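Right, one structure below, let's go through it.
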Amino acid sequence: MQRLLTPVKRILQLTRAVQETSLTPARLLPVAHQRFSTASAVPLAKTDTWPKDVGILALEVYFPAQYVDQTDLEKYNNVEAGKYTVGLGQTRMGFCSVQEDINSLCLTVVQRLMERIQLPWDSVGRLEVGTETIIDKSKAVKTVLMELFQDSGNTDIEGIDTTNACYGGTASLFNAANWMESSSWDGRYAMVVCGDIAVYPSGNARPTGGAGAVAMLIGPKAPLALERGLRGTHMENVYDFYKPNLASEYPIVDGKLSIQCYLRALDRCYTSYRKKIQNQWKQAGSDRPFTLDDLQYMIFHTPFCKMVQKSLARLMFNDFLSASSDTQTSLYKGLEAFGGLKLEDTYTNKDLDKALLKASQDMFDKKTKASLYLSTHNGNMYTSSLYGCLASLLSHHSAQELAGSRIGAFSYGSGLAASFFSFRVSQDAAPGSPLDKLVSSTSDLPKRLASRKCVSPEEFTEIMNQREQFYHKVNFSPPGDTNSLFPGTWYLERVDEQHRRKYARRPV
């Protein structure tokens, strides 16, 4: 009967549900975790106006409880010191044992978010999962997550899995916002879940792995609002990174090509975004160019941290080429010699790279460096990487520092699909405001990362070998001690003879 209620009655129900303590989930996180933001009730969906400020109300990040130190890995792999820590910009890499898979990661992050904000399970009307970690060619991760909603009786939840390399989470976010701004919206929240396990065979690519998941609650009047009409997208057919071997977790990667594809997509998405925002400004009576100065912060999909620094420098080069000769000389000192170049001719120009990195260093430190905290200490989370960067940015700034700012975001998925978009941060940073609660909810990120167990390269390699051994195996229970997992973590308990997976949760 729930789905047959009028929108007004439905909203009144949700309002009461959030307010009544009797509807608080029975299994809550420890008291220390209950200080995080509780989203307000969703306003009524109207047919004559857009819901205002649709965006991120709350988010949760999950990463595995163990990591391998990249300095130790350099020694173990007999490579020069600094190859991973300096060349890639990585210090630690989180990873999953056989006990965790993409379903368990997503189960964990969704339940952690719902319990922390104490949201009734029937207040979610859309849930979509972005992932490229495929363990079943038919059954979606979303269907497994429906187990969490069973006790509430809420089966009326739209959305399913979205897959294209590291882009699925962003596609899911856009779909959630589009749903909320459409006639299909029933007044409830949307949830976006993105997660992946990034693993590679032994060799040069293995240190660029990682694992994790992010869940985001989407709704109107959000402290991080998606800016409407401001998405620059580029898509094309290319084989830079792909996974055609369904018997293996490992991808086929053309590293040099993938970097060029990433930068080319960045150029084109940024160009499209600039045109759209400049058109909006022109319609509002302001005819001026958009530059990086109009972004207070900038986050990127992060395959490895050095790639991000190079990408911000690339955006500066776009601004440089678009500027007048006088502006080039006055604002972009050290780049004058590159003024006659075309973007498409510069992807392998090392002299330009060095000049750009030097010229953009201060901008990188101010706009982007803080967003790389999780990536530096956990590695590449594929489709959740960009949103891990968002959480890192929030964890390293106060609500007052963020208030009123614009956060640029670049999402890239090999194959390829890419978008450049932006969030507008709420002006209200008062204690107890939605922005203050959202920022506070990320404040324990450094502490949580520090609480993980450091595993030797030898043990890490053995666990990677186990993942190969048990991949698509049937009739087994994963090896390992569940006490090594964080409290409240879901894990794979058993795979039966028909490939059916059973999960359990470590007590909170």
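If you go along the chain as it appears here, the first residue is 1 and each next one adds 1.
Keep in mind that glycine also has a Cβ here, set from the backbone N, Cα and C atoms.
What Swiss-Prot records for 1-37 is transit peptide, and it gives a curator's inference as the kind of evidence.
Under a cutoff of 8 A between CB atoms, and with a sequence separation of 6+ in the same chain, the neighbours of Glu80 ((3S)-3-hydroxy-3-methylglutaryl-CoA binding site) are Glu74. The (3S)-3-hydroxy-3-methylglutaryl-CoA binding site annotation in Swiss-Prot covers Glu80, Ala81, Cys166, Asn204, Thr208, Ser258, His301, Lys310, Asn380, Ser414.
Residues near Lys83 (N6-acetyllysine) in space but far in sequence (CB under 8 A, at least 6 apart, same chain), listed by position: Glu74. As annotated by Swiss-Prot, N6-acetyllysine applies to Lys83 (among others), with the evidence given as similarity to another entry.
Same-chain residues at least 6 positions away in sequence with a Cβ under 8 Å from that of Glu132 (active site, proton donor/acceptor) are, in sequence order, Thr163, Asn164, Ala165, Cys166, Gly168, Asp196, Lys243, Tyr382, Thr383, Gly413. Secondary structure at Glu132 (active site, proton donor/acceptor), taken from DSSP and collapsed to helix, strand or coil, is coil. Here Swiss-Prot flags Glu132 (among others) as active site, proton donor/acceptor.
The DSSP secondary structure for Cys166 ((3S)-3-hydroxy-3-methylglutaryl-CoA binding site) is strand. Feature annotation from Swiss-Prot assigns active site, acyl-thioester intermediate to Cys166.
Per Swiss-Prot, the feature N6-acetyllysine maps to Lys243 (among others).
The active site, proton donor/acceptor annotation in Swiss-Prot covers His301 (among others) and is backed by a curator's inference. Within 10 Å of the C-beta of His301 ((3S)-3-hydroxy-3-methylglutaryl-CoA binding site) there are 33 other C-beta atoms, taking all protein chains into account.
Other C-beta atoms found within 10 angstroms of the C-beta of Lys306 (N6-acetyllysine) number 16, with every protein chain shown included. Summarising the annotation, Swiss-Prot assigns N6-acetyllysine to Lys306 (among others).
Here Swiss-Prot flags Lys310 (among others) as N6-acetyllysine. DSSP gives Lys310 (N6-acetyllysine) a helix state.
In this chain, none of the residues that are 6 or more apart from Lys342 (N6-acetyllysine) has a CB less than 8 Å from its CB. Per Swiss-Prot, the feature N6-acetyllysine maps to Lys342 (among others); the stated evidence is similarity to another entry.
The feature N6-succinyllysine is assigned by Swiss-Prot to Lys342 (among others).
Swiss-Prot lists Lys350 (among others) with the feature N6-succinyllysine. Cβ contacts within 10 Å of Lys350 (N6-succinyllysine), excluding its own Cβ and spanning all protein chains shown: 7.
Secondary structure at Lys354 (N6-acetyllysine), as computed by DSSP, is helix. Residue density at Lys354 (N6-acetyllysine): 12 other Cβ atoms are found within 10 A of its Cβ, drawing on all protein chains shown. Summarising the annotation, Swiss-Prot assigns N6-acetyllysine to Lys354 (among others) and lists similarity to another entry as the type of evidence.
Per Swiss-Prot, phosphoserine is recorded for Ser433 (among others), and the stated evidence type is a large-scale study or a structure entry. Classification of Ser433 (phosphoserine) by DSSP places it in coil, neither helical nor stranded. The number of other Cβ atoms within 10 Å of the Cβ belonging to Ser433 (phosphoserine), over all protein chains shown, comes to 17.
If you look up Swiss-Prot, you'll see Lys447 (among others) marked as N6-succinyllysine, on the strength of similarity to another entry. The Cβ of Lys447 (N6-succinyllysine) has no same-chain neighbour under 8 Å that is 6 or more residues away in sequence.
In the three-state DSSP classification, Lys473 (N6-acetyllysine) falls within coil. Cβ neighbours of Lys473 (N6-acetyllysine) (same chain, under 8 Å, six or more residues apart in sequence): Val495. The feature N6-acetyllysine is assigned by Swiss-Prot to Lys473 (among others).
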Residue among recorded positions His301, Lys354, Asn380, Ser433, Ser477 with Cα closest to the Cα of Lys310 (N6-acetyllysine): Lys354
Rounded Cα separation (Å) that holds between Thr208 ((3S)-3-hydroxy-3-methylglutaryl-CoA binding site) and Lys354 (N6-acetyllysine): 23
Integer Cα-Cα distance in angstrom, His301 ((3S)-3-hydroxy-3-methylglutaryl-CoA binding site) to Lys350 (N6-succinyllysine): 22
Ser433 (phosphoserine) versus recorded positions Lys306, Lys350, Lys354, Asn380, Ser477 - nearest by Cα: Asn380
Thr208, Asn380, Ser477 as recorded positions, winner by CB count within 10 A: Asn380
Closest of Lys306, Lys350, Lys354, Ser477 to Asn380 ((3S)-3-hydroxy-3-methylglutaryl-CoA binding site), Cα positions, modified residues only: Lys306
